Every structure is written in C-alpha cells, then in structure tokens.
Amino acid sequence: MWGETAVFQFWPIAIALLAGLTTAYYYDEDLGQLPRTLSLRSIVRNVLEDQPNFIREDPSWPNAEILRSELLGEVCGVHVDSMGKVFVFHRGSNVWDPRSFDYKNVFQNQTQIVDEPAILVLDPRNGSLLEAFGRRRFILPHGLYIDFEDNIWVTDVALHQVFKFSRGYKDHASLVLGDRFVPGSDETHFCKPTDVAVTTRGIVFVSDGYCNQRVVAFHKNGTFLKAFGQEENMLVVHSLTLLEANDTICAADREGGRVICFDAGIENLTNMGRVRRRYSLDEGEKPYAIAAKGALLFGVRLYQPPFQLPGLNLFQPPTGFVRELEQLQNNGQEDTTQQTVDAKIIAFEPLSEEFKMPHDIVISPDGFAVYIADCHRNSRKRLYKIDSGKTVVQGSHQRVDSQM
C-alpha cells in the first residue's frame with residue numbers, strides 16, 4: 001500500500017469519542033468532489049517522525065514580498081526552465097466556484113479575464129521576482145510545463161485550451177490547441193485540460209482532464225496523434241510526468257486514487273497508450289500532482305475519508321510523498337500488473353504552514369529542490385521550496401530507503 005497510514009486504522013473509533021470536540025472549517029475546491037472540511041487538525045496528523053533530513057522545506061522561500069504582493073492569486077501551476085528559474089501560473093483575483101460552469105461545462109462569465117500578469121518568474125535562490133507576463137490573457141489558469149527548449153505550455157480550464165509560448169516570445173502564443181470556451185471530446189477539443197508534457201522528439205501530451213478521462217497526444221505542430229486512457233475510467237486526469245528514458249508517460253488519476261503509467265510511443269507510435277504499471281494510493285488518498293526523476297516519483301496528495309460519521313469530519317492534512325518506481329518495461333510489451341513491490345514510501349510536509357491544497361509539483365534540473373504550488377484561496381504561503389538533497393535524485397537508481 002501507499003503511504004504510512006497504518007496508524008489511522010484505529011482512529012475512527014478513537015475519534016468518535018471526541019466528536020463533541022470537533023469543529024470544521026469549510027473550503028471550496030475546484031471540482032467540488034473532495035471533502036470540504038478541515039477538522040481535528042491537532043489530533044489527526046500524519047506522523048512524520050521518520051521524515052529524512054534530506055526532505056526539508058526552505059521556509060525563507062519565496063521572498064516575503066511575493067507572498068504579500070497583490071499580484072499572486074491561487075497558484076495552480078509551477079515549473080522550472082533549464083536554468084532552474086521557477087515559473088508560477090496563478091489565477092489573480094479569479095476563483096473557480098460552483099457557479100463557474102454550467103452543466104455542459106461551458107464557462108459562464110467569459111469577460112472574467114485575469115487582469116494581473118498570470119505568469120511570474122522567480123529566482124530559485126531567494127524567491128525574488130524576476131519577470132511577470134501574461135496579463136489579460138487567461139481566465140482559469142491550471143497547468144504549466146516548460147519543455148527541453150524552454151518553451152512554455154499552459155492550460156486554461158475555462159477556455160478549454162492549451163497554449164504554447166516559444167522561448168523569447170512571451171507576448172503571443174505560437175500554438176493554440178482547442179477552441180476558445182468550447183468544450184469537446186474529439187480530436188480538436190478539450191474539456192478542462194489540466195497539464196502538458198513534451199518529449200524531446202516533439203510529442204505533446206495533454207491530460208484531458210476534468211471531463212474526458214483521457215490523455216491526448218499531438219505532434220509539436222498541433223497535429224493530432226492519438227487519445228488513450230479512456231478504458232482505465234480515470235476520474236479527473238490531473239497531472240502528467242514524463243519518463244522519457246523509459247518511453248513512459250504517467251498520469252495522476254486524481255479521484256481514482258491512482259497513478260497510471262503508459263507507453264509513451266516514442267520509439268513505436270503503435271505502442272502509445274499501453275498500460276505499463278498502475279500504482280494505487282491508500283484508500284481515500286487523491287494524487288493531485290506527480291513529478292518523476294530517475295527511479296523516484298514525487299507527488300502531493302489530499303485525503304478524502306472513505307466514510308463519514310454524523311457530526312464528525314475525519315481529516316488528514318495533505319502531504320507530499322516520495323516513492324520508488326518499480327522497473328518499467330521498455331520492450332513494447334503491455335504490463336497490467338498491479339503494484340507488487342512493497343517499496344519504501346516517504347511522506348513530507350512543510351514546516352512554515354500546512355498544505356491546504358497542494359496542486360502542482362516540479363523537481364529542479366539539478367534535483368536539489370522540489371517546488372510545490374498550493375491552489376487554496378486561503379493559503380498564506382502558496383509556494384513551497386523543499387530541499388530534496390542530492391542523494392534523492394542523483395544516482396537515480398538507488399533505493400529511497402538506502403538514503404535514510
């Protein structure tokens with residue numbers, strides 16, 4: 001099983017005795033399917049006493065002026081370029097609430113453009129602002145990805161579109177996929193696309209997303225190649241991570257509580273979409289974002305109690321996690337084996353402020369840092385830098401537990 005949740009097996013009985021002490025704090029979530037309660041915060045917490053000292057937050061990052069700035073709204077995307085600069089994709093004053101879309105997934109307030117620069121560039125060392133752009137272009141920013149050529153790819157769930165901004169040309173999109181405000185499920189439309197990943201050979205993967213339960217692949221010029229994953233019945237394909245050396249693309253099935261790794265079709269297009277491995281999280285855990293480096297998978301997860309008791313809200317705070325990826329086949333053969341290796345799972349959380357809705361994660365090019373975006377509107381910090389230490393990702397095929 002994923003995570004270190006054995007400690008919670010007997011909590012429901014114990015917590016029931018404390019029901020009279022329970023208070024709840026309600027919050028909105030962009031889909032509305034997760035629990036809207038934060039309670040028993042001081043009682044039910046993940047026990048991280050074994051958290052290794054190489055996974056620690058840098059509480060001084062980002063610069064305090066960034067956190068106080070009115071520029072920064074709900075931070076839903078984070079990525080890094082080849083120089084390590086940190087790019088942040090945020091929603092300004094816009095929010096995603098139950099009134100944002102109609103029952104056909106059409107966004108309702110189509111004049112609600114983000115007035116602020118939606119993309120900020122931060123110094124990886126001190127978190128100071130280096131650059132800001134993307135004013136009055138987006139409505140509900142979601143995914144952000146920077147490819148091997150430092151081109152910027154973003155998704156907007158309100159517009160149902162994917163945009164590419166070529167390196168050095170940030171004022172105008174060089175490629176736009178999808179039709180503005182038009183949801184769909186064919187070869188030219190998306191329905192609330194969430195993330196992007198791009199291979200060095202120019203295959204573009206889009207997780208699609210909140211409505212379509214699929215991953216869609218395109219040539220770098222925008223030509224449709226293939227859609228896959230529908231047969232897995234994924235519930236909100238929320239994040240992608242590319243393991244190009246293994247010819248593998250992994251998707252976070254958020255509401256399904258799984259990470260599913262597919263053949264990326266880099267070497268053989270006909271193999272694209274074949275399942276190589278499925279990883280199931282513990283019951284109630286939702287993987288919001290994933291990022292792979294070598295043989296390790298980093299991610300962030302929220303928790304939805306598998307049951308509710310009247311008057312009682314069970315809650316575990318969101319955490320980050322690291323796990324070892326089992327050997328992925330690279331021979332074009334389908335592998336539908338469920339997780340069989342009891343790999344060491346490490347959970348981590350920030351020191352400065354608890355995660356509220358960790359929404360995206362990326363690993364720095366040198367592997368020494370992990371950046372996490374928190375998309376909760378009431379999150380004070382919204383951006384976290386986790387020092388991973390060189391032993392986590394250098395020598396990428398070492399076991400996680402050998403570093404402890």
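Placed from the backbone N, Cα and C atoms, the Cβ positions cover glycine too.
Database features, via TrEMBL:
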type	residues	note
TRANSMEM	6-27	transmembrane segment
BINDING	Val78, Leu144, Asp360	Ca(2+) binding site
BINDING	Arg91, Tyr210, Arg254	protein binding site
REPEAT	133-168	repeat 'NHL'
BINDING	His142, His238, His359	Zn(2+) binding site
REPEAT	182-221	repeat 'NHL'
DISULFID	Cys191-Cys211	disulfide bond
DISULFID	Cys250-Cys261	disulfide bond
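A coil conformation is recorded for Arg91 (protein binding site) in the three-state DSSP classification, outside any helix or strand. Sequence-distant contacts of the repeat 'NHL' (182-221), counting only residues of its own chain at least 6 positions beyond either end whose CB sits under 8 Å from a CB of the stretch, comprise 31, 104-106, 142-143, 145, 147-148, 151, 153-155, 157, 160-162, 175, 227-230, 232-242, 244, 249, 251, 262, 264-266, 272-273. Calculated from their C-alpha atoms, the gap between Arg91 (protein binding site) and Val78 (Ca(2+) binding site) amounts to 12 Å. Within the set of binding-site residues Val78, His142, Tyr210, His238, His359, the entry lying nearest in space to Cys261 (disulfide bond) is His238 (CA atoms).
The closest partner of His238 (Zn(2+) binding site) among the recorded positions, by CA position, is Tyr210; the full candidate set was Leu144, Cys191, Tyr210, Cys211. Note: Val78 (Ca(2+) binding site) has non-local neighbours Val86, Phe87, Val88, Phe89, Leu144, Asp360, Ile361, Val362, Tyr371, Ile372, Ala373, Leu383, i.e. same-chain residues 6+ apart with C-beta under 8 A of its own C-beta. Not a single one of the recorded positions His142, Cys250, Arg254, His359 has a C-alpha within 10 angstroms of the C-alpha of Cys191 (disulfide bond).
One way to see the shell of the Ca(2+) site is to take the Cβ centroid of Val78, Leu144, Asp360; the remaining same-chain residues with a Cβ within 8 Å of it are Val75, Cys76, Gly77, His79, Phe87, Val88, Phe89, Gly143, Ala289, His359, Ile361, Val362, Tyr371, Ala373.
On its own chain, His142 (Zn(2+) binding site) has Cys76, Gly77, Phe89, Val154, Thr155, Asp156, Val157, Lys192, Pro193, Thr194, Asp195 as residues at least 6 apart in sequence with a Cβ closer than 8 Å to its own Cβ. Within the group of recorded positions (Leu144, Cys191, Cys211), the Cβ with the highest number of other Cβ atoms inside 10 Å belongs to Leu144. Secondary structure by DSSP for the repeat 'NHL' (182-221): 0 helix, 18 strand, 22 coil.
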